[in-house]
Amino acid sequence: MYTGATTYVVGFPRIGEQRELKKVLERYWDQKTSFSEIDEIAKNLRRRHWLYQKEAGISFISSNDFSLYDNMLDTAIMLNAVPERFSNIHDKQELYFAMARGTNNTVAMEMTKWFNTNYHYIVPELSDTMNFSLCADKIINEYREAKEYGLRTKINLIGPITFLSLSKPVDGNQDTLELLPKILPCYVSLLKKIADLDDEVYIQFDEPIVVKDIDRRTLNLFYLCYKELSNVSNRLRLIVMTYFDHAVEAVKILSDIPIYGIGLDFVYGQENLKVLDSLNGKKLIAGVIDGRNIWKNNYHNTLTLLKDIEKNVKKEDIILSTTCSLLHVPYSLKHENHLDKDIKSWMSFAREKLDELSDLAKLFFVENNSEDILTILENNQRIFREKQQSSKVIDPIVRERVGNIKRRERDGSFNDRNEAQRKKLDLPLLPTTTIGSFPQTEEIRKLRRDFKNNVISQIEYDTGIKNYIDSCIQFQEDIGLDVLVHGEPERNDMVEYFGERLSGFVFTQNGWVQSYGSRCVKPTVIFGDVSRPKPMTIDTILYAKSKTNKIVKGMLTGPVTILNWSYCRSDMERSAVCEQIALAIRDEINDLQKAGIKIIQVDEAAFKEGYPLRKEKVAYYENWAVKSFKLAVSSAAIETQIHTHMCYSDFNDIIHTIEKMDADVITIETSRSGNKLLTVFATRGYKNEIGPGIYDIHSPRVPSVEELEEKIRNLMLVLPPSKLWINPDCGLKTRKWDEIRWSLSNMVKAAQHIRLGLQRVMFV
């Protein structure tokens, strides 16, 4: 029987089982507590998370996976990579949060998606004039903190190549990888400090960048980087961790470098099986427990996979692992008391995945299986048999409808639709609008909570929602917005709201995961076939419409976003699930336009998230994702204007796909990126209309009228005003009313000033 290290967790959630970190951060930002309370709660969370893993028998437990905001931001702080505009902030806590969130006078650093997940990281801003230097306090302190509880952790670090590749240059023309000679000495110094901590220390370098299509030059830098780092100290055991796809090129590059191990994802990167003979005796951190989805592991399938791995890797060199950090899944099923018991039995959250690792280690490493161990396998397989036979999963009516789809696209070219829409809508040049949601006040959250818990009646709830809509419509009219929204007070989440009204979805009580900073989301769970039993948004939109003579947008979430922001069933192709959702959204659009709604927004905020990281897999995704969106809007008449919204995206590589989606208006997030994103549309000759977000809603900072006028003028240098809409860069639900009153008012004033100037020029 093998008795060595057998189990490994890439990283653990940090927001807290009851969102303790979120709550204390927001109290601190509201100046209702001191940093010492954050520090105390953070220490308690780290201790709890370490002990969970220790109790589950995990061999490799992490330190420095914890962060108060984001690990990429932590790494920038570690390297003293602080942009010049923050140089006057000397308090380290104030500096940290200013870089992430901005201040009244300073724009925050850019934020974007972490690969193809719904987690967002802060994008470091680098230049060759930066004085990089090491600040290792957090890393060293957390390692020592864990030792106080009897734990010798592996230390998690963002690897140099990933850090540089995901950073952006202050000078837009610079290649950030050219800065490797400047930051590598900081990493070397860090490793020397770590080597002094113990006679043997394990260090995990997260290098997910190598699962993308990287060029030969980057691979060479990757090789040189780890060749140098591996020679710092014989006390260190270096592990290069990859995840989200295969890393076959990197495995070959690392073949002759004396590192301890390589982490490979065998759930989303099965091609990794092809290069196991290149490990050369290194430990294989085998990612076999899905760190991105919430379904129970099929032990039989995983054991079969491990037997395949064992053909090329000695059993004693295999360590069973999660595919990636468990940051992407909720904490524990123990908090879920209202889930259907069958569906709950099919699930596994972070703490349950620890137990799955322990189970698989027993099944794989123990050669003479006892009755107890065999029972573990049998119980697991029984659950999968029951799921396969469950009537809760398949709806024959849905299957028949999908099989008989005849209409997949709407009528008319964009030019035909645009002409009809301009006549019907009669909007001014540079029309102003918002993305949809307005601030979710404590009062409105309490209203929803009380209704859900049967504390108030349906009439009381409806009255509260209508009062909010009344105020929201009145506010928008007062400041002069051109196209209004109802504010979405009835919606806790843009996906959950629709999931609650569609069949095939289930919801957790406490399934929160971190999206960015203190922002948490509670993804819906798709477990079965999807359909729409009845209209989902008609009543609230029609009520809002009755309160104004202006146009009110219908607000829907698109099928691809609903899919990508949900935990999707694992027994059906994602494309087939998306098609089912698209049919449900199509029915809703049809009902909305019949009710007189002239503009309908179908948000595809998460469209880019679903993109595979490897080019060879992209065409397949684009094909079914575009088809699903077009199927969803195929019921829209020519004169019905379809808007869509996309978040945090680099559009260079998907502009052709956006063209195929053919939305009449697309709103995008550009406020932290200047005109860089917009230029892509201009260069391409994009014909449809665009609403580039002109201010950053993720920061509490209120932009001035003059600043916004300048942004609009800059937009018009790239695209003609006839194609432009003026709007914030995202929904406003996370902001406070006091913030948005001024921001939106300034935005409208800026648009009106520019519009007036254009009209004067036109009549000269």
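Glycine residues also receive a Cβ, built from the backbone N, Cα and C atoms like all the rest.
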Same Zn(2+) site per Swiss-Prot - residue from E622, E669, E707, E709 joining H645, C647, C730: E669
Site-mate of R19, E20, L21, K22, K113, R519, C520, E609 for 5-methyltetrahydropteroyltri-L-glutamate in Swiss-Prot, selected among W50, W565, W725: W565
Candidates E386, E488, E490, the one Swiss-Prot lists with I435, G436, S437, D603 as binding L-methionine: E488
Candidates G436, S437, H645, H698, C730 (recorded positions) - the one closest to R19 (5-methyltetrahydropteroyltri-L-glutamate binding site) by CA: H698
DSSP three-state assignment (helix, strand or coil) for E609 (5-methyltetrahydropteroyltri-L-glutamate binding site): helix
Spatial neighbours of C647 (Zn(2+) binding site) among the recorded positions L21, K113, I435, S437, H698 [C-alpha, 10 Å]: K113
L21, K113, H645, H698, C730 filtered to the recorded positions whose C-alpha is within 10 Å of S437 (L-methionine binding site): C730
Least buried by Cβ count (within 10 Å) of the recorded positions R19, H645, H698: R19
C-alpha spacing of C730 (Zn(2+) binding site) relative to H698 (active site, proton donor), in angstrom: 8
E488 (L-methionine binding site): tally of other CB atoms within 10 A of its CB: 24
Among D603, H645, E669, C730, which are recorded as binding-site residues, the nearest neighbour of K113 (5-methyltetrahydropteroyltri-L-glutamate binding site) by Cα: E669
Cβ neighbours of G436 (L-methionine binding site) where a neighbour is any other Cβ within 10 Å: 26
